[in-house]
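Here the structure is laid out as structure tokens; the discussion comes afterwards.
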Amino acid sequence: MQEAQFIGLLWLIGILAEAMTGALAAGRKQMDLFGVVIIGCATAIGGGTLRDMLLGNYPLVWVENVHYLIAIAFASLLTVAIAPVMRYLSKLFLAIDALGLAVFSIVGAQKTLMLGFSPTIAVVMGLVTGVFGGVIRDILCNQVPLIFKKELYAVISLFTAGLYITLNAYQLEEWINLVICLTLGFSLRMLALRYHWSMPTFDYQSSGDQHTH
Amino acid sequence: MQEAQFIGLLWLIGILAEAMTGALAAGRKQMDLFGVVIIGCATAIGGGTLRDMLLGNYPLVWVENVHYLIAIAFASLLTVAIAPVMRYLSKLFLAIDALGLAVFSIVGAQKTLMLGFSPTIAVVMGLVTGVFGGVIRDILCNQVPLIFKKELYAVISLFTAGLYITLNAYQLEEWINLVICLTLGFSLRMLALRYHWSMPTFDYQSSGDQHTH
Amino acid sequence: MQEAQFIGLLWLIGILAEAMTGALAAGRKQMDLFGVVIIGCATAIGGGTLRDMLLGNYPLVWVENVHYLIAIAFASLLTVAIAPVMRYLSKLFLAIDALGLAVFSIVGAQKTLMLGFSPTIAVVMGLVTGVFGGVIRDILCNQVPLIFKKELYAVISLFTAGLYITLNAYQLEEWINLVICLTLGFSLRMLALRYHWSMPTFDYQSSGDQHTH
């Protein structure tokens, strides 16, 4: 139970951090406070919600326990209040977001495995949980999803989920598995940000589309 | 049964009005007639469909009763035919849209409550039913969802759904509850349009994003 | 069983072709390799996934059989490798995409009918299966869905699904039905591309929106 409480606490930190990235994205589009709350909520719970809808796993976590939704709405509004300070906290914020990425990927994989799906699907669902909140945020803000273009993000989610599932298959103690995956996932993301590690990009201009450049 | 028929009629008017807003949005993007019909359908049934998918409530209303879908497709095409006249009907149209907003919010909350979910989730689902048709429309038309930026819209949906659930909890006669919520929801929206009431907006330019302005 | 194997093979060709259109669209937005894979997967399985989520039909095909997902990811990466040659293969590619459109529409309608839904819903779901992979692709790439603006596409999907369901209702031999629908759907799409057949478009500028032009 102690692992569950520990990971639960990290998960809560993660969704609140995601809500804040959503609120900031809404602010960049000059949305109103209600838009801020909706984008905050969609960012925080979007990944897990999509996972459970793809798996047909009902009721959804936040439908059953509405307190999460209220906490997320509050975190979104808090972001507006502390926005002037956010500039100076941007490094702390990126670190919390990196932690959230690792936690979401692990929790998504763990839940999928516990529902009886295959390890491969568990890894895929770790990725969905880890990155699709941000994808939904960017779609609602009408921009190309950042995670497809910037520093390593989705691939770290996939790696973290995959490592967790692999170590789990070797029946490693849950506590040790969590610590290893969290540390590696978090560190890789921070290093990717620090050294601007990114995937090779695919730049394709078909003859029919040249006028777009 | 009479309340059910009354609210059912208003709901039908609401989805047809939503279909028309979808068709007009498609026309602003110079879509073809098929695009008009698809955007019209997605706008009209998108909110309720998302609600039922989030709740795992199957079969969907329009899957079980396909006549709604056909009526919506017809309303979308009719919008194209009467488009030249729409300019002069824009006030009538905004009024029907305001009525639809109130009806959708009430119906969404009502259905969720009847499925046995908590009152808070019923209010959230009233909001989802009321506003996400428009959000899906704007995403399909590749623009930032209007309801996050313009005159009070989503907050009226939340207020209307919340009022309905509250009066319902105090066991107010259903008829009286409906009349109060419809009247207040509709009037608030019309007043918001008339006097340009809007929520405060959140304008956030992070240092890293200044080049976007 | 032989029809099932034949249509299954065509379906596999179709999802691989769809994955390639997704990968190329991601390349036009200079996404990284991971974005390419995710857009490729979403394009290939998006239509069928949306259909099954609308119908509440779980588990999803690719959740149950993860090999499809791996094949799609591979096809997306292969597209990057052979991109320089794609320019010269564009006609072949359009032909495979046209075949995929016909196959998806038929398979979507067939599956829906086999789940016990009405023929009309089967036709609608043939359309959803045929075209929404491309719609999801365009949303993820932040552009107005192509299929709502260009040469006949969605209407061919609807026609193919409708013809299949009609001939099926008249108890035509399954083999013959498949051959007729595939041939007609494919040929119509190729003719639409060749002769630039398109639906009439709806161009609506409301007075309040004139500043957008």
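Note: Cβ is positioned from N, Cα and C throughout, glycine not excepted.
Copied over from TrEMBL:
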- B:6-26: transmembrane segment (TRANSMEM)
- B:10-82: domain 'Glycine transporter' (DOMAIN)
- B:33-54: transmembrane segment (TRANSMEM)
- B:66-85: transmembrane segment (TRANSMEM)
- B:92-109: transmembrane segment (TRANSMEM)
- B:95-167: domain 'Glycine transporter' (DOMAIN)
- B:121-140: transmembrane segment (TRANSMEM)
- B:152-169: transmembrane segment (TRANSMEM)
- B:175-192: transmembrane segment (TRANSMEM)
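When Cβ-Cβ distances below 8 Å are used as the criterion, the transmembrane segment (B:92-109) is approached by residues 7, 10-11, 13-15, 17-18, 20-21, 47-48, 51, 86, 122-123, 125-131, 133, 153, 156-158, 160-161, 164-165, 178, 181-182, 185-186, 189-190, 193 of the same chain, each at least six residues removed from its ends. Taking every listed stretch (B:6-26, B:33-54, B:66-85, B:152-169, B:175-192) in turn, the largest tally of C-beta pairs under 8 A with the transmembrane segment (B:121-140) is reached by B:33-54. Long-range Cβ contacts of the transmembrane segment (B:175-192) within its own chain (Cβ-Cβ under 8 Å, at least 6 residues beyond either end) map to 3, 6-7, 10, 94-95, 98-99, 101-103, 105-106, 151-153, 156-157, 159-160, 163-164, 167-168, 198.
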